[in-house]
Amino acid sequence: MEAHQFIKAPGITTAIEQAALAAANSALANAVVVRPFLSHQQIEILINLMQPRQLVFRPEVFWNHPIQRVIHNELELYCRARSGRCLEIGAHPRSINDNPNVVHRCFLRPVGRDVQRWYTAPTRGPAANCRRSALRGLPAADRTYCLDGFSGCNFPAETGIALYSLHDMSPSDVAEAMFRHGMTRLYAALHLPPEVLLPPGTYRTASYLLIHDGRRVVVTYEGDTSAGYNHDVSNLRSWIRTTKVTGDHPLVIERVRAIGCHFVLLLTAAPEPSPMPYVPYPRSTEVYVRSIFGPGGTPSLFPTSCSTKSTFHAVPAHIWDRLMLFGATLDDQAFCCSRLMTYLRGISYKVTVGTLVANEGWNASEDALTAVITAAYLTICHQRYLRTQAISKGMRRLEREHAQKFITRLYSWLFEKSGRDYIPGRQLEFYAQCRRWLSAGFHLDPRVLVFDESAPCHCRTAIRKALSKFCCFMKWLGQECTCFLQPAEGAVGDQGHDNEAYEGSDVDPAESAISDISGSYVVPGTALQPLYQALDLPAEIVARAGRLTATVKVSQVDGRIDCETLLGNKTFRTSFVDGAVLETNGPERHNLSFDASQSTMAAGPFSLTYAASAAGLEVRYVAAGLDHRAVFAPGVSPRSAPGEVTAFCSALYRFNREAQRHSLIGNLWFHPEGLIGLFAPFSPGHVWESANPFCGESTLYTRTWSEVDAVSSPARPDLGFMSEPSIPSRAATPTLAAPLPPPAPDPSPPPSAPALAEPASGATAGAPAITHQTARHRRLLFTYPDGSKVFAGSLFESTCTWLVNASNVDHRPGGGLCHAFYQRYPASFDAASFVMRDGAAAYTLTPRPIIHAVAPDYRLEHNPKRLEAAYRETCSRLGTAAYPLLGTGIYQVPIGPSFDAWERNHRPGDELYLPELAARWFEANRPTRPTLTITEDVARTANLAIELDSATDVGRACAGCRVTPGVVQYQFTAGVPGSGKSRSITQADVDVVVVPTRELRNAWRRRGFAAFTPHTAARVTQGRRVVIDEAPSLPPHLLLLHMQRAATVHLLGDPNQIPAIDFEHAGLVPAIRPDLGPTSWWHVTHRWPADVCELIRGAYPMIQTTSRVLRSLFWGEPAVGQKLVFTQAAKPANPGSVTVHEAQGATYTETTIIATADARGLIQSSRAHAIVALTRHTEKCVIIDAPGLLREVGISDAIVNNFFLAGGEIGHQRPSVIPRGNPDANVDTLAAFPPSCQISAFHQLAEELGHRPVPVAAVLPPCPELEQGLLYLPQELTTCDSVVTFELTDIVHCRMAAPSQRKAVLSTLVGRYGGRTKLYNASHSDVRDSLARFIPAIGPVQVTTCELYELVEAMVEKGQDGSAVLELDLCNRDVSRITFFQKDCNKFTTGETIAHGKVGQGISAWSKTFCALFGPWFRAIEKAILALLPQGVFYGDAFDDTVFSAAVAAAKASMVFENDFSEFDSTQNNFSLGLECAIMEECGMPQWLIRLYHLIRSAWILQAPKESLRGFWKKHSGEPGTLLWNTVWNMAVITHCYDFRDFQVAAFKGDDSIVLCSEYRQSPGAAVLIAGCGLKLKVDFRPIGLYAGVVVAPGLGALPDVVRFAGRLTEKNWGPGPERAEQLRLAVSDFLRKLTNVAQMCVDVVSRVYGVSPGLVHNLIGMLQAVADGKAHFTESVKPVLDLTNSILCRVE
């Protein structure tokens, strides 16, 4: 039934209070700070004037005009923020030094009061020149100011501001002055009181006293201690009435800001001013009442500035309105003047009841009271007269109308029809009055005044107009017009070249001269010692640099500086251009910012300026707090000793490498010429020129190769250590040395080039004679089963057919091993002799077979795929090859990845040569062949099974065979079905093949192998080389028998397929089934079609297929090909069929899978049967699944059909799995925390947080009022009164709520999803542009079967199957059903745990059909977003915790900006949904799918077990893409609403977000978005923050939140079964694992962020240690449920 209208909301008061508190906090955060000391009356005036702005009073200064100055400062901030670089008119002297954005100031020569202002002006800075010129009558010292006034100056500027300096100029004068300046916009602050529109008099309002004598007006505010404003009345009236200026200098005047009668006018030059009527005083609080009897003679004994009394009196509007309402509604008999006087006296008293002002009152003079009573009485009398006359005349008119005859009525009907402009009663015209009549009124209300007047500019006089017409006439006659009256078009002043504020100037800006510093300079290292110390260089390098002197030759051309640095016997070249990339020793990138006109350079924290001087080149260095100047004399220095230079270079290289290994972010890579050079520490475009062509950049810091060394020590171990060369040197090509004799070829050389036809006979004719080397120093480390070997030693000792060189991309000579190859085989680098290329690798046969392989440069980018390809490209050959570890030298590829890549990509018989460092690594990580240990129990059970088997006819061959305890070594090649495991076996590798079935035996025998079934093979496997195919499906006792009897055993099979079945049900098979670990996995299948691969990718995550068949699975079609059934009982009903177990290992072109009802238990208990059935075909498979058995294990057509319907494609994408690792116990500080008492730890936690034991187990919160939607609930709301819990402590630190109660579900439904949604209709472009800071434009996204597999895998992991995925039929309710569940966990809090007034949390689950429809798209969009995230931005959980912690630790000088949304899901509306749809459209999602998503999200029904809610908008936590779109919306709000300074790291997950920066501020467009969407942001900015269960401490890292984790344990029920206690132990153990290395740091940081003692955190860690050891103590308690929902009323209908 519908009952939402009967639900009261006692909790609404709390919600209103919270909303009011949030509004107050927001207002205070944006309040105006009032600094002067004020009286109580001044405070009231200021509060009323500044409404609705919040004021914060911090009195600290005394001001002469406090009210005006506060208003002035506020309007000044507004004007300066919008004007930018501008011209200022009449600037106050005290503001000159504070506003550098002003390019010119116009002053008048000081007279009177202005002289006093100049005497108190600052005497330093720019104000000093202005002060000196103003007081001494001197001309302006520079062009930043003038003393000619605004109208007498012509300095060009596009924008100007005038703060209370235009009161003595009319709008027309200002328009002409703006034209002379070329100004298009002028912000003018003016004081325009409405009293200037009235006749002369003295007017007193609540804020000020105004004296008006008809010519001048003087205004003095309350509390002023000096004279007030004094302005010309006619000008003020012009500014109030004028909205535009016409003539030759047109402009429009718009009031853009007002505080009381202080206005900011925006004057904009416009060619055609349009009407702009405006109401100047809509918030006026005074009404001006006219005095009937004007004053006569002298008003007082003492003369004043005004010779007359006021003819109008300012009366509070509320007094006049109440008086008129009272008098107009009095009875005729009761109306009299005395009664009006009595009422006026009553409402003139101020009445206050407590803090409530019941009557504001009015403190009036006797003249004002007399005038008000007189005016009110006469006005009411006149109105009563009008009322009487109107009724009387109206009655007579009615009598005449109804007495008309037919002819008169017909005449009126024919000739007096009403038109469109007819208004009933308007044509009667009972009464008309004149403006000067007494009946015209006695008061003026400024609230209804409307002005729209235009003022003509003064340049168009009558004579000027006549002469202009005459000129035009002369032009018409063809005469030259010499009219001097025409205004100068485009007058922009005579000095526009040096004015940056004027953008429309036609004068080209003058370019500053660039000083030329070309020449030769001497750079001693001693001159740069302070810089070295600021760079934190080691003392050794500083000392060595101090002993060196360099000569730097500088050439400067077109903003580019080229330097040639001569340091000892080495020459370096650098090129300085703007934007040049600087080499770094970490992932951070630096670009050089170079401005030749300003002679500055900067990059990162380093900057310098240079200038030519008489003494040479003067350079100023700024780095790390250092400000150092050095002067380098011109000339040439003597050369430094080569040994000293080499030692310096080597020490510098070691320092760079050390910094590279230990730095997370990195710094500049310091080159020699970067430290001993003019522009230290920059060295862009670094090139070292060497006379030796073999000594490239890589040998700058190492020993240079020499021909003598190569000849005398051909087997030098370190020849193969360095893998890659760098950029080859620019030196000229020298004379080539004779190659050394290479090793002898293989006894059986390859007949042809690799993968090529037979080469020409002369291909190797030029090769020298090949002889064996006499000395062999290599050491064998390991031999693989395929014959491959790993050696420690030199590559050139190998006798393999091919040698592999670590080359560069251009295959040119370089350093390291490449240099050694060039010394021995220089002809091998001739590109013309390359016989083949495979990818980046090049093959050559001259002078011997060599492969030039190219590894990736890990200094630039980590590219594992390229590393794999580097080895794979060397396998297109015949014969064996000798490899180095590619990339582990100069390119800095780690040893492990390079070795693993070689293991996966080599051919049998190949050799790998390791240097000593890599050899030591290999010996520590030596691969071992797996072993199987047969225990006595296993042997005894296997022998029992053999005895039982030997008693049968099949197993007679096993009689007498026994399994003995021992260790068996084996090789197990596992792979996906159809991967070619069997085809990889050759007859030369095996003597006997053992297979489980006759079909497989026959297949092997057809290939020429001696194949046997398991039982008969017992006679022939003794001492033979045995291959066991489909090993996991062999009976385990026979498998153990053959493995133990064979000389070598090679297992083939798939661990995921059907294992051995215990047909006898004796229990022996599972008892002795061995645990075999594959030694290698093959993931490429040549059998499976693409859809099969994706459907069962959950069992084979890395599977790939070579099949070109995209879709092969079909439902509901006739049977084709081989029929497969699951049970023997189904075979008679399907003639020609075989069971899946019998078909294992077989391959068919077409198959039909028939699932019968008797196979339900088999399929549910063994998903392997379904996998085998699906993987037997190569082209087509028809599934006949009447009982729906395969659908129950996730195999159905609905998922596939919906996937292709949504635009999915078959293909491969990057998997969404993020690699994670467990931290090593390198600093095991957790071991110092012994287990502690659980009770004491929780009691100390309660004491610190202020929580106390509570007598209730749960709370039913009040149900809020349903504001939108329809609620349906059952007639009975039954609840339980108590709850039984197994708890760790009786003190709970979470918000308590009852998850299982019907009333709790009801309150959660209404509270979370029944509130009013604030809609916001606006364009998404601004928010999307802001979001582009974190998520750039995404572009089309491809949805592939990889995302479909991940979706199916996630469903299977959650225990779901495909039965809930239906065909997309929107008429079916099950397709679009959204179910709702109450969440059983609550949020940790340090505040109130019971009386929090918060409703529970819920989970809304979309239908599995919609999840399968949208899920792949959202996964693909998420991958695209992750690929585009900038450095330092972390999304959701898609990162390793150690990476995030390292990024936080690197941001040492940052603060933590932390935001927490309130009601994040509830406030999402049409705008956030529109942003989601806009991003979906940007990614290429089909339009019908976007519209369907918008429809589902905009109107929905949440279906709880017994309740339902029909609502609109909001966000549901269980819908697909919840984390994705919540995180995107969070990113959009944060980046649109806030600007961050020194941004370092940002992390977003759902509604949680942090940003590490030095400062933040709210962006200009934030208020519009926050107010439009009703967002509730709770921002905190502190040194340490909280985010997603971790404590974020800049400079230290992300640390586990011990207090929060321990607090959440107190709320859960850990019973009644032991499995809950085990879950607790595992969860605590996982959490403690994160504390392994940071436990002590957590104690210090977590205690600080929560404000608790470090001893508490220490005690909590000890308590968690005890729980992880299984020593947790649980207490069973029975507590009542606190029901606060008594206000829920239910009506039975």
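The backbone N, Cα and C atoms fix where each Cβ goes, and this holds for glycine too.
Copied over from Swiss-Prot, here are the features:
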- 56-240: domain 'Alphavirus-like MT' (DOMAIN)
- His671, Glu673, His686: Zn(2+) binding site (BINDING)
- 732-768: region 'Disordered' (REGION)
- 739-753: compositional bias 'Pro residues' (COMPBIAS)
- 775-921: domain 'Macro' (DOMAIN)
- 934-1082: domain '(+)RNA virus helicase ATP-binding' (DOMAIN)
- 1083-1216: domain '(+)RNA virus helicase C-terminal' (DOMAIN)
- 1454-1565: domain 'RdRp catalytic' (DOMAIN)
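The most crowded of the binding-site residues listed here (His671, His686) is His671, judged by how many other CB atoms sit within 10 Å of its own CB. Secondary structure at His686 (Zn(2+) binding site), as computed by DSSP, is coil. Taking the mean position of the Cβ atoms of His671, Glu673, His686 as the Zn(2+) site, the remaining residues of that chain whose Cβ falls within 8 Å of it are Thr565, Phe572, Thr574, Pro672, Gly674, Gly677, Ser683, Val687, Trp688. In this structure, Glu673 (Zn(2+) binding site) is part of a helix by DSSP. Mean model confidence for the domain 'Alphavirus-like MT' (56-240) is a pLDDT of 89. The helix, strand and coil residue counts that DSSP assigns across the domain '(+)RNA virus helicase ATP-binding' (934-1082) are 52 helix, 28 strand, 69 coil. Applying DSSP to the domain 'Macro' (775-921) sorts its residues as follows: 43 helix, 36 strand, 68 coil.
Counting residues of the domain 'RdRp catalytic' (1454-1565) by DSSP class, helix then strand then coil, yields 41 helix, 36 strand, 35 coil. Neighbours of Glu673 (Zn(2+) binding site), defined as other CB atoms within 10 A of its CB across all chains, total 28.
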